[in-house]
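According to TrEMBL, the protein carries these features:
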REPEAT    9-41  repeat 'WD'
REPEAT    132-173  repeat 'WD'
REPEAT    233-267  repeat 'WD'
REGION    318-346  region 'Disordered'
COMPBIAS  320-333  compositional bias 'Acidic residues'
REGION    369-420  region 'Disordered'
COMPBIAS  390-399  compositional bias 'Pro residues'
REGION    785-969  region 'Disordered'
COMPBIAS  813-827  compositional bias 'Acidic residues'
COMPBIAS  839-849  compositional bias 'Polar residues'
COMPBIAS  895-907  compositional bias 'Polar residues'
COMPBIAS  910-925  compositional bias 'Basic and acidic residues'
DOMAIN    940-1014  domain 'HMG box'
DNA_BIND  940-1014  DNA-binding region
REGION    981-1033  region 'Disordered'
COMPBIAS  981-1025  compositional bias 'Basic and acidic residues'
Amino acid sequence: MPCEKKPMRYGHSEGHTEVCFDESGKFIVTCGNDGDVRIWEGLDDDDPRFITVGEKAYSLSLRNGRLVTASSNNTVQLHTFPEGEPDGILTRFTTNATHVTFNSNGTRVAAGSSDFLVKVVQVGDSSDQRTFRGHEAPVLSVTFDPRDQLLASSSCDGSVVVWNIEEQNQVTRWNLLQKTNDVSNAKSLCRLAFQPHSGKLLAVPVEDKVHLYERDTWSHVTTLSDNLITQPVNVVSWSPCGKRLAAASVGGVIVIWDVSSKMCLERQKHEKGFTVCSVAWSPSGAELVYTDTEGCVGLLEGVCSLLSWQPSTVARDFDDLFDGDEDGQMDEGESPRRPQDDDDIITSTGRIKNRAAFLEDDNSLDTGSLKLGGEKFRDDDDDDGGSSIAPPPGPPVPLRPVYEGPMPTPPQRAFQPGSTPAHLTHRFMMWNSVGIVRGYNDEPENAIDVEFHDSAVHHGMHLSNALGHKMADISQEAVLLACPSTDELCSKLVCVHFSSWDTHKEWVVDLPRGEDARALCLGRSFVAVATSALLLRLFTIGGLQREVFSLSGNVVCVSAHGEQLCVVYHRGTGFDGDQALGVQLLSLSQKRRLILDQPLPLSPQSTLSWIGFTAEGTPCSVDSEGQVRPLLEDQGAQGQSRRHFNLISCLFCRCIPCKGSRFPPTLPRPAVAVLPFKMPLCQTSTEKGQMEEQFWRSVLLHNHFGFLSSNGYEIDEEAQSQSLKEQQELLMKMFALSCKLDREFRCVELAQMMTQNVVTLAIKYASRSGKMGLAQRLSEIALEKAQEEHQEEEEETTGRSEMSRYNSRQTEEVEEEDEEENEDREEETQPKKLDYLTVNVSPQVSSGGASPAQPRVTNILDNIPNRKSAPLTSSSIKTKKSPVLKPLAPKPKSKTQSTLLQMSSKTNTKRQESEERPEEPRTKEPNPNPAPPSPESTENRRPQTGFQLWLENHRKNILAESPNLDETDLIKDAMGRFRSLSAEERLSWTERAKGQSGDDPKKRKRPEEVEDKEGSKETNEETSAKKAKTVGVAEKLSAFAFN
C-alpha cells in the first residue's frame, strides 16, 4: 500500500528550515529562520519545547545526546539534548556557517561557511581543528564518510570536492553545479550524502538528477531520475539500511528510489508546490520527515511497507515471482479496483510500478548489467539475500582495458584580466589603470557603472545593461562592452567612444550568427575581439573593420597596451593538472609584425590569473600560485640577441587584498595595496641568500634603466648610479663572506662580475687575509678587465668616427648633386656668354689648333677658377688630415694620448682656419660663372678605408636582411661582419680603397709627405705610450698585491 502523507503544520517563520530525528526516533528536531530549535514529540505535538540559539539558525545535527547548530552569529554551538543546555562554542567563522553535520560516532563535527572554509572539529577538544581550503565561493553542504576517513563538500563555485581528513588534501574534484555568489542565490543546496555503513557510494544532486559516484575510483556509476522532477534536486538522504535514497527538489517533489534496481518506489508532491529544503529518515526507516521554505513540517508514514511485497527468504527463484499461479493467487485476494492515479505507486495487483521502464534515462543500467552492477549497491554487512531483485544473468560483458596514463586537464575558460567572475550578482567587469567598470545584475535593475580614476579624462557614466553584457574594457578613449548570443539575438559589440569630437559617441557591431565574443580589449587606436570561431577581429576606435586573424587555439584572454596586442590561447591539451597555453605578442603599428610567439610558462597545476602590460609596455603574466613573470622580447640581429627586462610593475606590484574571499566586493570600494617584488631564489633566510637576492634584483633594476633610456624615457641618473654602487657593494660583501668560508673559487667567480676598481679592493682584502694565491688570480683578472675597457673605448671611438665620416660623406654628396644641378641650369640659361668668353679670352687657342666650329670650352672653364680654387683645394686637403682609426687593427691608447691627439687636431684646425681667413674676401667676390667641382675634391670624397668601401658594396644586402636597423646598428653589424673576413680579403679591400682614393703623387706630393710624417710620429707616440701604460699597470698591481 502507498505511504501515508500527514498534513503539514507550521513550525518556524518563513525561510530556510532544517529537520532531523533523534537516535531513538521519538523526537523530531527542527530549526528555522526565527533562530529557535524546536523539539517535537511527534508531529501532533502542540506544545514543542524550543531553544533559542541566535537571530537565525541555518543548520543542525544531533548525535549521542548532543545538538550542534550553525547560527547567524558566525558560531557553531553545542547544546545538550533533550535538556537544551548550552555546552560551549565549537568554532567560529568570519561569516555565518551554512551547514553542520556529525560523523557516524558523534566525535567530530564538520562545518562549512560563507567564507569558503570547511572545518572539522573534535567535540571533546575544540582546539583540535582541521581547516580545508580550496573552494572559491561559499560552502553549500558537508558530509562525513561512514568510515571517518573522507569528507565531501559542495560550494557555490560549482565544485564538489572529496577531502582526505588526516592529510587535509583533495582526493578528487568535480565541477558539476551552476556557479553563484551566495547560498541565498544558489539554484540548489546540493546536500550530499555518503551511503551508510560501507560508504561505497556518494550521492550528488546535479540539476534534476542524482549522480552516484563509486568510492576509491570516484567514477560515475549511474544516475537516478524521474519524470516528475523538472526542477533542480535540493537535498538527498539515504535510508538507514543504505538500500533506498530519498531526494527532494526545488519544485516540492519527493522521490524515493531503490538504488540496486533503480526503481522509483514513491513519488510525493508538496501540497502547495513550495521548495523542500530538508529531509530525514527515522532510525527505523519507516518514516520520512521533511520541511519547506515556508517553515512548515511534513511527514510520510509507512515508507518501509513499500518493499513488503518482496519475499523474506530466497527459497524461490526470480522467475517464480512472476509465474501464472502466483499471479492468480495475488489476484484472488486483491481489493476492488479503483481508478489509477499518477501518484500511486502500487497497482491493483499489488505490484510496484517499475518507473525505470519508462524513464528512458541514457545513463540507466541495462538488464544485462544489473546483475553485475548490483554488487556495487549492496551493503557488505547485509545478509538479506532477498532484499533486492536480481534479474536473470545476461551474457558476459567483456572487460574494457583500463587507461592508467596521465589524465587530460580540462582547458581553462576564457576570462577578462582585471575582472571578477561573471556569475556574481555585483562584480567588477574591469579594473585597470584608467578606471573601473562595475556590473549590477539585480532584479530591479541590470546596469553598468563606469568610474574613472582621473576625472579629467571623463566624468562617470551609468549605462543600462538591457543586452546583458558580460565583458568590458576601458581606456583613455572609449568603453567597450560585449554580450553573448541568445536564441533570438546574436552576440553584440558596443563601443562608447566618449573621446570622439563628433556627435555620434556610440557604435554597435553584430557578430555573425553562431559566433560569440570570448575576450576583448582596447588599444591606442584599435579594438580587438577574440571569438568562439577561433578568429581575432580588429576594428578601429571609430568602428571601421580592419584585419581578421585566425587563432591557433581557443582564446583564454587578450590584453593591449599602445600599439601592442597580447593574445593567450590553448596550444594543446594539458595533462595532470597542467595547462598548455601559448602567447603571441603583436605590433599593430604601420609595420605590423609578430614580436613574440612562444609557450606561456605557468607554475605546476596552476591556471592563468592575469595578463597585461607594465607601465612602459612589457607584457607580464600572473598565475594562480601568485608567480609574476615578465615576457621577454628577443630581437635577433646576425646571431646576436638583445633582451629587454622591464620590471617596473614587478618592482612593486599593485593588488587588491581580499580577506575571507577570493574576489573583492564592489561596495565599499576596495583599497589598492602595493607589494614589494622579490626574486624567487633559494635559501633567502640566510645571509648569503639575502645578498644574492638583493644583487640580482639590483641588476634587473639597472637593466630596466638601460631599457628606458634606449626607448626615449627620461631616467634618474642618480638612481642609476646608485644601483651600480649597490651592486658592487653587494659583490664585495659576498666576496668577504666567501673569503671567511675559504671559498676561493667562489671568490674568483664574484670577481668576474666586479668592475676594475672593486677588483683592486678585492685584491687588497685577499692580501690582508693572507690568501696570496687568490690575490695573484685576482691580479690577472684585473689586467684582463683593464684590457677589455681599453678595447671597448676603442670600439666606441671607431664606431663614432665611422658614423660621423659616413654622415659627412652623405652630406657632401647631396651638396655636390645640388651644385651640379645649379651648373646645368646656368649653362642652359647662358650659352652666348660662354661663346663670347671662348673667342675673346683665348684667341690664340681658337686660331692655333682647333677649328672655330669646335671651340675648347672646357679649357677656358678650367682656367677661370684656377687662381681662386687653389687655396680651397689645399685647405680641403688639409682638413682631411685628421687621424683615422681603422677598425682592422685597433691600437690601444691611453686617455692621456687620446686627449693629446684631440688637442693637436684642434690646434691644426685652428691654424688652417687662420691661414684661410686672409683669402676669404677673394672667395666672396661675385663670380657669374660658378666653377664645377674639381676632380681632386671629388676623388677625396670617395671611401678612404677598406671597411667603408666594403660597407658601400654590402649596404643593400644588410638592409635587406635586417630592414629595422638604424644607422648606428648598421655600422656595428657591418664592422662585425668585416672583422669575420679573412686577412687576405680585408687586405684586398684595403688595397682597392687605396687605389680608388689615391691621387696623382705629383699633384699631392707635399700633403702626403706631411701626412706620412705626422702619421709616423703618432704611431711612435702610441707605441711608446702603450708600453709605458702596460708596464705601469702590471707593476702597480703586483706591488700592491704582495706588499
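The backbone N, Cα and C atoms fix where each Cβ goes, and this holds for glycine too.
Restricting the average to the repeat 'WD' (233-267) gives a pLDDT of 90. If you look at the repeat 'WD' (9-41), the same-chain residues 6 or more away from its ends with a CB under 8 A from one of its CBs are 48-64, 67, 69, 71-72, 79, 81-82, 84, 277-284, 287, 289-297. Residues 95, 98-105, 108, 110-120, 179-183, 185-186, 188-199, 202, 204, 215, 218, 662 of the same chain lie 6+ residues outside the repeat 'WD' (132-173) yet bring a C-beta within less than 8 angstroms of a C-beta in it. For the repeat 'WD' (233-267), DSSP puts the residue distribution at 0 helix, 23 strand, 12 coil.
For the repeat 'WD' (132-173), DSSP puts the residue distribution at 0 helix, 24 strand, 18 coil.
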